[in-house]
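Remarks on the structure that follows.
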């Protein structure tokens, strides 16, 4: 191989790393959903699972936070502690417990599809808390609004409409066998539908809590901008303590805490190490190199992987309403992501213009240049460039005098 071929091959491998990392991460998330579903079906308490998951995550992340971020740690004031307390409550406690309950009552594929509502819900909360401003004249703003509406419509469709079973060629025989027992299980249909509706509502609340965590985390990240591992460790640790308190109140059976070398231990360890530790590190690297939009764009892949794995491992049935709703959610997701990407591009261009104008103004002032106002006919306009502090307006205004 020539040097050019070796160089192009190395360049291809380097550019492919973010794609490989995000695809691998989606397989990891898919495995977590399948393993957790099996564990919950065998009787594992979701309250206990949340405790073990975040205790393991804390134990895994804490050493890295200590060795890499122990210098110049931010001081934990009462205000910061309350923010950490709320983040621990929103993430490990509310989000995870509601998600696991919803997963127990529905299916892994359905749960993954509903989790794709996250960007739309985050956008709604950001608008309500005035973290994002709406400009209906801009195409990117229209895309985010339309994507949010389509995403919510898809979620509602998945919740209220099942429809016929969608046959996959490798599950057709299993579904025929299941239909032979339809008469003996018809009495369970009404209760099953109620559980499905309950699970759908729980998943919506879980996604809402997750989106709320992102909105609040954006504020505290200003303090922990250089200590993100420490922030994650604190959230997991505080969330673990809160989850223990909630479990003592909600779970009165002491044997629920017992765990052996079984699927329950695998679910707790896998979730804590892969979903709450490795995923954070991988996503952080990818987001720094390619941005958050790139990282989020791979989330629908997890739904496809879970659908295939679930049909094999759990003999999961896929309904037409779920397929149509999932397609709508994915369309809405990419519309929101496209709008967000365009908004970021516009913001970067504006900041670049401001920065270049600022440098020009500084050079002029440094050289002691004086601005000259040309006087001429009434039709001619004189222009004065006024430099305004960036922190006040973020713009340079051009004033025209008659």
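Heads up, the Cβ atoms here are built off N, Cα and C, so glycines get one too.
According to Swiss-Prot, the protein has these features:
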DOMAIN    29-159  domain 'EamA 1'
DOMAIN    208-337  domain 'EamA 2'
TRANSMEM  20-40  transmembrane segment
TRANSMEM  48-68  transmembrane segment
TRANSMEM  74-94  transmembrane segment
TRANSMEM  109-129  transmembrane segment
TRANSMEM  149-169  transmembrane segment
TRANSMEM  196-216  transmembrane segment
TRANSMEM  229-249  transmembrane segment
TRANSMEM  266-286  transmembrane segment
TRANSMEM  293-313  transmembrane segment
TRANSMEM  318-338  transmembrane segment
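Here the transmembrane segment (229-249) does not lie next to the transmembrane segment (149-169) in space: the count of CB pairs under 8 Å, restricted to residues six or more apart, is fewer than 3. Between the transmembrane segment (48-68) and the listed ranges 149-169, 196-216, 266-286, 318-338, the one holding the most Cβ pairs under 8 Å is 266-286. Taken through DSSP, the domain 'EamA 1' (29-159) splits into 105 helix, 0 strand, 26 coil. By the Cβ criterion (distance under 8 Å, sequence gap of 6 or more), the transmembrane segment (196-216) is not counted as touching the transmembrane segment (20-40), fewer than 3 such pairs being found. Beyond the transmembrane segment (149-169), the same-chain residues lying 6 or more positions past its ends with a Cβ under 8 Å from any Cβ of the stretch are 110, 113-114, 116-117, 119-120, 175, 196-197, 200-201, 204, 311, 317-329, 331-333, 335-336. Only residues 6 or more beyond the boundaries of the transmembrane segment (318-338), in the same chain, are considered here, and those with a CB under 8 A from a CB of the stretch are 109-110, 113-114, 116-117, 119-120, 123, 140, 143-144, 146-166, 168, 293, 296-297, 299-300, 303, 307, 311.
Across 20-40, 109-129, 266-286, stretch 20-40 shows the highest tally of CB pairs under 8 A with the transmembrane segment (293-313). Mean model confidence of the domain 'EamA 2' (208-337) amounts to 86 (pLDDT, 0 to 100 scale). Applying DSSP to the domain 'EamA 2' (208-337) sorts its residues as follows: 106 helix, 1 strand, 23 coil.
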